[in-house]
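What TrEMBL says about this protein:
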REPEAT    41-65  repeat 'WD'
REPEAT    75-109  repeat 'WD'
REPEAT    119-155  repeat 'WD'
REPEAT    162-198  repeat 'WD'
REPEAT    206-248  repeat 'WD'
Amino acid sequence: SCDVLFHFAGLGCGTLAVLEQNEAGIVLLRSFDWNDGLFDVTWSENNENVLITCSGDGSLQIWDMAKTKGPLQVYKEHTLEAYSVDWSQTRGEQLVVSGSWDQTAKLWDPAVGKSLCTFKGHEGVIYSTVWSPHIPGCFASASGDQTLRIWDVKTPGVKLVIPAHQAEVLSCDWCKYDENLLVTGAVDCSLKGWDLRNIRQPVFVLLGHTYAIRRVKFSPFHATILASCSYDFTVRFWDFSKPNPLLETVEHHTEFTCGLDLSLHNRGQV
């Protein structure tokens, strides 16, 4: 099982570190340097050696662990920071979506040298772009314009606009067990659940974080459990089906907690 770590150097350079967990602990397998900060990473869904990162210079980088030191390919189309990148989750296609501070999302096929499509509509920075695990060609985006938007790659316009928070929305994720359910996390310290069939009000609101929520992820094993991390240094686990939804608060970080994910292989591992 490989994990990925970013290291920010003072010079604005970024490092992609690929780590392996074994009996000896966590071991560095490979590291790759880029000449700007790296903001996000996604594993290929069809090649275990390939990853894509995105960076402060607006570019996406494709890396192959089995090959050379530099990236296999660089896509430079976004005009500002590329902040989010995700590889499609459904079996039907091999597509990548990126989100940028230039207020656009772009669709990529890693076999093609330029973007397939650009999605415009957000009126603020895009912080998060996440593919639906259920619906082919469908992704969500979260933005500084306070909205969550749903897109379909077959049509250039936005499919659905949800005014999710009265604050910048930094993160979103899809429920793995309900194709109509998403969660957003925002600068207002709240998490909100959204049913795409009725967006007038949230399905749930989770309160407890004391600073902006940087990332939220649904559990791959439980339909109602999710995890969030925040600039309040904590990671929190929630079950939105319970009267007291906060399951646990983990306070082991001593700085901003900027990202998290839940293992698909080990039920207890985050």
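Any Cβ shown, glycine's included, is placed from N, Cα and C.
Nobody curates TrEMBL annotations by hand; they come from automatic prediction.
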Report the listed stretch (41-65, 75-109, 162-198, 206-248) having the maximum count of Cβ pairs within less than 8 Å of the repeat 'WD' (119-155).
75-109
If we skip the immediate neighbours and take only residues 6+ beyond the ends of the repeat 'WD' (75-109), which ones have a Cβ under 8 Å from one of its Cβ atoms?
39-46, 52-62, 115-120, 122-137, 139, 141, 143, 151, 153
Work out, from DSSP, the number of helix, strand and coil residues along the repeat 'WD' (75-109).
0 helix, 18 strand, 17 coil
What is the three-state DSSP composition of the repeat 'WD' (119-155), stated as helix, strand and coil residue counts?
0 helix, 20 strand, 17 coil
Would you mind giving the whole-number mean pLDDT across the repeat 'WD' (206-248)?
97
